[in-house]
Amino acid sequence: LVFQAVFNVLIPDHAADAFSPPRSGPRGLWDALLERLLGGLGRWDAEHFLFIAERGYLLEHNCAFLPLFPLGLRLLAALLPCPVPLQPRSRLLLAAALLNALLAVLAAAALLALGRAVLRRPGQAFLAALLFSLSPAGVFMAAAYSESAFAALAFGAMWQLEKGRGWLSGLLFALAAGARANGLVNAGFVLYSSIKSFVLQLQGTAASPRELPVLWKQALGLVCSAALVCATIFLPFALFQYYAYVRFCQPSTGLAQSVPEALLQLARDKGYRVAGVGEDKPPWCSQRFPLVYSYIQDAYWNVGFLRYFELRQIPNFLLALPVTLLCSWAAWTYVSANPRHCLTLGLERSKDKERGKARDGFCGPAAFVYVVHSTALLVFGFFCMHVQVLTRFLGSSSPILYWFSAHLLLEHEPLLWSTGTDNPASGKPPLGKSQSSCGKGTSDNPVVRLLLNWRSITPLSKSILGFFLAYWLLGLVLHCNFLPWT
């Protein structure tokens, strides 16, 4: 927050061709002060979220941003005690800074708990949570974006599913799907968990013909339960599509009378469609399945398969290169370490003599479904999305980016072998604790220890930490001044 305020003051805003709605009224002294302190959090897509929280879904292309986060902003802004007069946007900006500060902490805590449950190495899980706190997508975790909300809900849902709490997990996944559309993919975790539990149960018992009806009942119960949970996950997205259909495809209800003239003029200049204005229905209203989300991605932002593969987009592909390489390396490492487990989709019960040899950590069998999820998001994002969003897309949706980075650091950085909590697979003996001049507690935080001993750490450690820190800082410099970092 301090850095974005400093950069916002020192660097003039770029005149970007981004959504910039007219302000609702003249700014007072307190509004100007708040804009100076927190204005960097309201750039690029944050303008959409703040506008939706203030005025609702007046413009068609706002419907690409799902309602959970704007609703949270609006509720918190209404509850905040405010001793000084503030414009609605200023209150919402303050609410966004406070809400995302809390949600980012909850997301880190959920990632820590999930890592302990899946990796079963507390030190590796702790290091991954620390890396999340320095995420290369860090600016989006603080700005008025839905990334922190989605990460907290998604990681929390994954953790609850690991604990066997299927319905609570489904509820959290459903809320995540109300924050970001890629939350729909998380239904795969529920389906895989149900299939895996049933298949492993079948392998563990030699069923006689008399037991077949019981097995069929169990299978039917699992199918019905999984179907209901998946339907719950899809429900928020489906309800919002219906809401958009009613708002933009049904006859006008006089809504245009409440739209300010300045906003109508902006819509005419930019070609935005306003709810309740005009008699022509949008093209997507007549589709068999009228999905406003898909239409906006196609018509407004030209999102589609291989559409971004142009020479002028090479700089954006270079921006996405580090996270692409890191997640691709993670998938290759896991498949190389577990070829049979991957070929059987993790549905083969370990033999009795092998159960005691099951590996923990990133390459353990429990991480399989998370590697598949991360790889699927990577492939889809690389070929079908604006590739520069891959860093925040993966950084807020999958724990693999942080787990694999922690795995590499603990495996290949001798300075971390002194932790004593997670012995590296290489079997090398741990070294003594590092000495530093910053006091007794520095060795307790592995990231701080690496940074304080930057000259002596390995090139791999420098590359990983350099990526995290460089993108964390570049995001604050560029995003907060309307420079190309979206």
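Here the Cβ of each residue, glycine as well, is placed from N, Cα and C on the backbone.
Because TrEMBL annotations are produced automatically, they should be read as predictions rather than curated entries.
Here TrEMBL flags 92-114, 126-159, 171-195, 215-240, 317-335, 367-387, 464-485 as transmembrane segment.
Most Cβ pairs within less than 8 Å of the transmembrane segment (126-159), among stretches 92-114, 171-195, 215-240, 317-335, 464-485, belong to 92-114.
With Cβ pairs under 8 Å as the measure, the transmembrane segment (367-387) is packed most heavily against 171-195, out of 171-195, 215-240, 464-485.
Same-chain residues lying 6 or more positions outside the transmembrane segment (464-485) and placing a CB less than 8 Å from one of its CB atoms are 3-4, 7-8, 11-16, 18, 39-41, 43-44, 131, 134-140, 143, 322, 326, 388, 391, 405, 408-409, 447, 450-451, 457.
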